[in-house]
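Novice: This structure is in structure tokens; I'll ask about it shortly.
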Amino acid sequence: MDIHEYQAKEILASFGVDVPPGALAYSPEQAAYRARELGGDRWVVKAQVHAGGRGKAGGVKVCDSDVEIHKTCEGLFGRKLVTHQTGPEGKGIYRVYVEGAVPIEREIYLGFVLDRTSQRVMIVASAEGGMEIEDISADKPDSIVRDTVEPAVGLQDFQCRQIAFKLGIDPALTQRMVRTLQGCYRAFREYDATMVEVNPLVVTGDNRILALDAKMTFDDNALFRHPQISELRDKSQEDPRESRAADRGLSYVGLDGNIGCIVNGAGLAMATMDTIKLAGGEPANFLDIGGGATPERVAKAFRLVLSDKSVQAILVNIFAGINRCDWVAEGVVQALREVQVDVPVIVRLAGTNVEEGQKILAQSGLPIIRATTLMEAAERAVGAWQNDLSQNTKVRLAT
Ligand code: ADP
Ligand code: MG
């Protein structure tokens, strides 16, 4: 799960990382009012969307008066901000953060990530801040400083001092830098983050070290331990299909193709998507209904997949291990009777009680296309979709 910049800053600040004074606003009037409250004569208005690259896309603007803040905000609120991280559809702007403008002397890149190779939290830093890390590693790979944290002892101050030294931080600021690095690391550990990125971390003209931007991503599987983090979820920033699925306890990832997949198990979902591709099609989604595929769950899955208007065929691929194919078949039949499905449905069942399952599908009287192997199922799904959904393969049922 991602959170907004202002939320990440609040968390980091509570761990001793310095941030500029700022305030959140939900309207242009409130933004101008907030700026007056903050004081000063220069502010930065920052669109709060779950994506980086806002500066280049016009989502971060320096303003010299409250009138200018009001005008800038009128151009931001309600708009979709398209950055290189949002995809062409962009992300809606419903909140802005107003922050005191900071006299920047140096911009540093600082990131904490989970490194799978070393199985450690890795610190990635570069004196080339302000640029995206992908560009830094392409253009200035030598500028990148990396260090990993030994979990048994945690991040050590000497490591932080070494990083500060390699970044060329003024020795007078080393202690501040140690505190900043330790704060980010503690926030990362405390809340089961998978990423903390401060880009840029700046050194100001008056010798302060401030996090000018902040991004945090959390491990979804650990959110149950951190209700105060789950609360920060902003559904307006998520793919609506994915948040609807999460609300229903289904694991769903929306993709760009047109063959909807209803599968149990993540590995099987991956194999199904690969096979669809191999057969010349494109998956519209990745939907894992999990272990116990009750009829209700299958019906929910159908509803969800069908709410995506680009879906032109549905491939159900279930391997019954703990489950039983006859239960799953009953679920599919029940779902098709409840939900209006007007695209071809291809079902492949394997595992326990597969014969009974096939019998239930065959006797249902529903025009379900059955397949034995995964390849056959994928070919039939792609074929059904390419044949422009010939009428006799369609399931048309009243709800
Ligand atoms: P993004 O990474 O999404 O583009 P940032 O928060 O990093 O957004 O802002 C982009 C740039 O705007 C920063 O690299 C920095 O140069 C400038 N900036 C951001 N906040 C401030 C601020 N409070 N004062 C001065 N400059 C700022
Ligand atoms: Mg940034």
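Keep in mind that glycine also has a Cβ here, set from the backbone N, Cα and C atoms.
TrEMBL feature annotations, pasted as is:
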type    : residues                                          : note
BINDING : LYS46, GLY53, ARG54, GLY55, GLU99, VAL102, GLU107 : ATP binding site
BINDING : ASN199, ASP213                                    : Mg(2+) binding site
BINDING : ASN264                                            : substrate binding site
DOMAIN  : 9-55                                              : domain 'ATP-grasp'
Novice: Among the binding-site residues ARG54, GLU99, ASN199, ASP213, ASN264, which have a Cβ atom lying under 6 Å from any atom of ligand 2?
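Specialist: With ligand 2 as the reference and 6 Å as the Cβ limit, the list reads ASN199, ASP213.
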Novice: Compared by Cα position, which of the binding-site residues ASN199, ASP213, ASN264 is the closest one to GLU99 (ATP binding site)?
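Specialist: That would be ASP213, nearest by Cα distance.
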Novice: Would you mind reading off the Cα separation of the residue listed as 'substrate binding site' from LYS46 (ATP binding site), to the nearest angstrom?
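Specialist: Given the Cα positions, the residue listed as 'substrate binding site' is 42 Å from LYS46 (ATP binding site).
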Novice: Secondary structure at ASN199 (Mg(2+) binding site) (DSSP, helix/strand/coil)?
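Specialist: Looking at the DSSP assignment, ASN199 (Mg(2+) binding site) belongs to a strand.
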Novice: Near ligand 1, which of the binding-site residues ARG54, VAL102, ASP213, ASN264 have CB less than 6 Å from any of its atoms?
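Specialist: By the Cβ criterion, which requires under 6 Å to ligand 1, the hits are ARG54, VAL102, ASP213.
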Novice: Pop the Cα-Cα gap between ASN199 (Mg(2+) binding site) and GLU107 (ATP binding site) into the table, whole Å please.
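Specialist: Given the Cα positions, GLU107 (ATP binding site) is 8 Å from ASN199 (Mg(2+) binding site).
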Novice: According to DSSP, folded down to helix, strand and coil, what is GLY55 (ATP binding site)?
Specialist: coil
Novice: Measure from the Cβ of GLU99 (ATP binding site) and count the other Cβ atoms within 10 Å, all protein chains considered.
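Specialist: Here the count is 24.
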Novice: ASP213 (Mg(2+) binding site) to GLY55 (ATP binding site): how many Å between their Cα atoms?
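Specialist: A Cα-Cα distance of 11 Å.
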Novice: Could you state the whole-number distance in Å separating the C-alpha atoms of GLY53 (ATP binding site) and ASN199 (Mg(2+) binding site)?
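Specialist: That comes out at 10 Å between the alpha carbons.
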Novice: Cα of VAL102 (ATP binding site) to Cα of ASN199 (Mg(2+) binding site): how many Å, rounded?
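Specialist: Each residue's Cα considered, VAL102 (ATP binding site) and ASN199 (Mg(2+) binding site) end up 14 Å apart.
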Novice: Using a 10 Å radius around its CB, how many other CB atoms surround GLY53 (ATP binding site)?
Specialist: 16
Novice: Could you list the residues of the same chain, at least six apart in sequence, whose Cβ is under 8 A from the Cβ of ASN199 (Mg(2+) binding site)?
Specialist: GLY52, TYR109, LEU110, GLY111, GLY129, GLY130, GLU132, ILE133, ASP213, LYS215
